[in-house]
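Asker: Residues annotated as phosphotyrosine in Swiss-Prot: 28, 47, 323, 364 (among others). Swiss-Prot lists 202, 295, 319, 350, 379 (among others) with the feature phosphoserine. Annotation source Swiss-Prot lists phosphothreonine at 256, 317, 582 (among others). Look at Swiss-Prot and you will find 260-370 tagged as region 'Interdomain B'. Look at Swiss-Prot and you will find 371-631 tagged as domain 'Protein kinase'. Annotation source Swiss-Prot lists active site, proton acceptor at 494, citing sequence analysis.
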C-alpha cells in the first residue's frame, strides 16, 4: 500500500520506491543495467518529508539526499529549490548542477510493486487517531473532522513524539539503571534501549555486545537533527533506530532485540495479541524487524498503565516488535511547546457534547443566565452584536449575542432572526458557528458561539504577515464546513469572507445563516420568489438570472471567498457595479489571480467559477482537492 502524508508528493511517480534502503535501491539499479544516468527516487530514512535520489554512473550507485525546506520546497544540499520532487528530477535531467551526471532514464517500479511504507507510515493512522481520542476525548464526527483538518500538524506531532510509545524508549533513567535493565534476562547481542540523558534533547543508546553494555551518546544539533558522534543525522529517534537495525554504520553491531518496559507485575500487556515464540537472534535479523510491523490495540481512552516499580524489572521471554507502540495512553500535550489547535478551543465541540449539559427542548434561553458586555462587536441592518456570558449547567460559556433593534418592531426582522435560529439549531459541526439558543427579553437575541478574532476579511486586511499555508488551512476548514452543509441539504446563500469568523489564526467558522435555506430530500436547489438585497458579487450566474440557489451556487461563492482570502481581504470586483460584474461573467471573464497566490489555488477558484452549474464541482470534490494541496504544502 502506498504511504500517505509525507510521501504524497511522490507516490504518483512510477520511479518512486518509497521507504527502501540504499542497498535495495542499488539492487534495483543493477536490475536496470546500471547505465549512466539511470535513476530512482526513494523516501528519506533520515529526514521527515525528505527523499533520496539514487543515480547510476561508472557502474556505481551515487546517492543524494533531498531535504524538504521550511517553505515546502525541495532541494539537494547546496542546490536549487524546487516545488516538488518531480520538478527536481526534471531539472537535473537538463542540468547536472552538482550531480555526478544528468538524469537520463528513470528506473520504474516493476509491475505490481507499490511504494514501500516505512514503520511510521504503517503506525501513523492509528497513532494519530488514538492521540486525538485521548488528548481531546473526541468521538464520532468530531474525531474525524479533527483528523482531516489537522492531519499535517498531527503527523508532525506524532512523528516527533512517537518514540515515547516505543518499547525501547525508557525515558530518563540513569546510566547504571540502563545497564541493569539490559543485563537482565537474555544476553542476545544487539539488545538495546534508548534513554533520555537530560532535558536538552540529548539521549543515549545502550547496546549489548559480547556481554558488555556500550553507551552511545545521541546529540541534537541546532536544527533539531539527532545523531551519534560522527554519525548520520535523523529527524526522529525512531528513524535512527530503524537505520541502525539495518546496518551497524559506526556501531559495533546492528540493533536486534529491544529491552521493553515491564509493568509492575512483570507482565507485558499485548492487548490480546497471541504470544510469540521466545526471542531468537534469527527472529531479529537485520532488517527483519521492519517487515513485521503488525496491527495493535490501544487501551480505552482514560486507561492508564501503572508505572514500573524500581527494582522490579525483568525481561519477558516473549518476542516484542520494537516498532510496535507500548499500550499506554498519550500524555496530555497542550503545553506552550506547540501552537494551539482547533481542538484546544472551547468551541470545537458543541456545548451540549458533554452529557451533563442537557440541551433544552426549546431553543429559548433564560435571560437571567445571560450577561452582556456594553461594547459592540459589530452592527448591521438587524441591530448589534455584543459579547456575553451564558451560565450553563457546568460552565460559563463566552458567547456572541445578535440583538435585534429595539425600535424596529418589524415583524419581518423578527421572522428573519427566528428563521436563522431555526437553521442554526439543526447544525452541529466544528467549522460552523453553533447556536446556543434565543432569548426573548428587552429585545430578541440570538446567542451563538464566540469567535474572538472576528471576520476573516478584516483580520487579513490587518494581518498581512499571515502566510499562504495558513490561508490554505483556513479556506480548507471553510470547505469542510460547506461540505457538511451540502451533505445536510442546506444552502448558505451568503458565503463570503465577512461571514467567516476566526476563533484563532488557525481556526475558522462559517457564520451568518440569515439567508440560508433547508432543502427537502427531493430538492437540489431553492428558487427565490423575488430579488432581495443580495450580495450579487458573490452570486453565481444562475442565482442572478433565474433566482436558483443550490450547493453548487455556494461553490461559486466559495471561489470568491478564496479570492478575498488570498488578496488579504480586498473587495471583489472593486469599483464595479453589480450589472457590470454580470456582464463581465457573461463574456467568460473572471477576476485575476491575487498577487502571490499559488497557481493551484487560483486554478481551483476558476473551477468554482464554472459557468454551467452542471459542470461545476460540489463541495465534496472541492474539499478533497483543497485537502490534498494543503497536506502537500504543510507537510
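Quick reminder: no glycine exception, Cβ is built from N, Cα and C everywhere.
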Asker: To the nearest whole angstrom, state the Cα distance for the pair residue 202 (phosphoserine) and residue 47 (phosphotyrosine).
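Answerer: On Cα coordinates alone, these residues lie 18 Å apart.
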Asker: Restricting the comparison to the recorded positions 47, 350, 379, 494, 582, which residue's C-alpha is spatially nearest the C-alpha of residue 256 (phosphothreonine)?
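Answerer: Smallest Cα separation from residue 256 (phosphothreonine) among 47, 350, 379, 494, 582: 47.
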Asker: Taking the Cα atoms as reference points, how far is residue 350 (phosphoserine) from residue 364 (phosphotyrosine) in Å?
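Answerer: That separation, Cα to Cα, works out to 17 Å.
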Asker: Report the member of 28, 364 (the modified residues) whose C-beta atom has the most other C-beta atoms within 10 angstroms.
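Answerer: Highest number of other Cβ atoms within 10 Å: 28.
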Asker: Across the whole of the domain 'Protein kinase' (371-631), what does the mean pLDDT come to? Round it, please.
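Answerer: Here the mean pLDDT over the domain 'Protein kinase' (371-631) amounts to 91.
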Asker: Which residues in the same chain, at least 6 apart in sequence, have a Cβ under 8 Å from the Cβ of residue 582 (phosphothreonine)?
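Answerer: Spatial neighbours, sequence-distant, of residue 582 (phosphothreonine): 536, 541, 544.
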Asker: Have a look around residue 47 (phosphotyrosine) and count the other CB atoms within 10 A of its CB, chains all included.
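Answerer: Residue 47 (phosphotyrosine): 20 neighbouring Cβ atoms within 10 Å.
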Asker: Let me know the DSSP-derived helix, strand or coil state of residue 28 (phosphotyrosine), please.
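Answerer: Its secondary structure by DSSP: helix.
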Asker: Whole-number Å distance between the CA of residue 28 (phosphotyrosine) and the CA of residue 379 (phosphoserine)?
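Answerer: The Cα atom of residue 28 (phosphotyrosine) is 67 Å away from the Cα atom of residue 379 (phosphoserine).
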Asker: Which residue, of the modified residues 350, 379, has its CB surrounded by the fewest other CB atoms within 10 A?
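Answerer: Ranked by other Cβ atoms within 10 Å, the modified residues 350, 379 bottom out at 379.
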Asker: Out of 47, 364, 379, the modified residues in the record, which is closest to residue 494 (active site, proton acceptor) when you go by Cα distance?
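Answerer: Closest by Cα distance to residue 494 (active site, proton acceptor) among the modified residues 47, 364, 379: 379.
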Asker: Based on DSSP, name the secondary structure state of residue 582 (phosphothreonine): helix, strand or coil.
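Answerer: In the DSSP reduction, residue 582 (phosphothreonine) maps to helix.
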Asker: Counting only other Cβ atoms and using a 10 Å cut-off, which of the modified residues 202, 256 scores lowest?
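Answerer: Across 202, 256, these modified residues, the one with fewest Cβ atoms within 10 Å is 202.
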Asker: Relative to the Cβ position of the residue listed as 'active site, proton acceptor', how many further Cβ atoms are located within 10 Å?
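Answerer: 20, counting other Cβ atoms within 10 Å of the residue listed as 'active site, proton acceptor'.
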Asker: How many Å lie between the Cα of residue 364 (phosphotyrosine) and the Cα of residue 47 (phosphotyrosine)?
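Answerer: Residue 47 (phosphotyrosine) has its Cα 55 Å from the Cα of residue 364 (phosphotyrosine).
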Asker: Indicate whether residue 494 (active site, proton acceptor) is helix, strand or coil by DSSP.
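Answerer: For residue 494 (active site, proton acceptor) - judged by DSSP and reduced to three states - the answer is coil.
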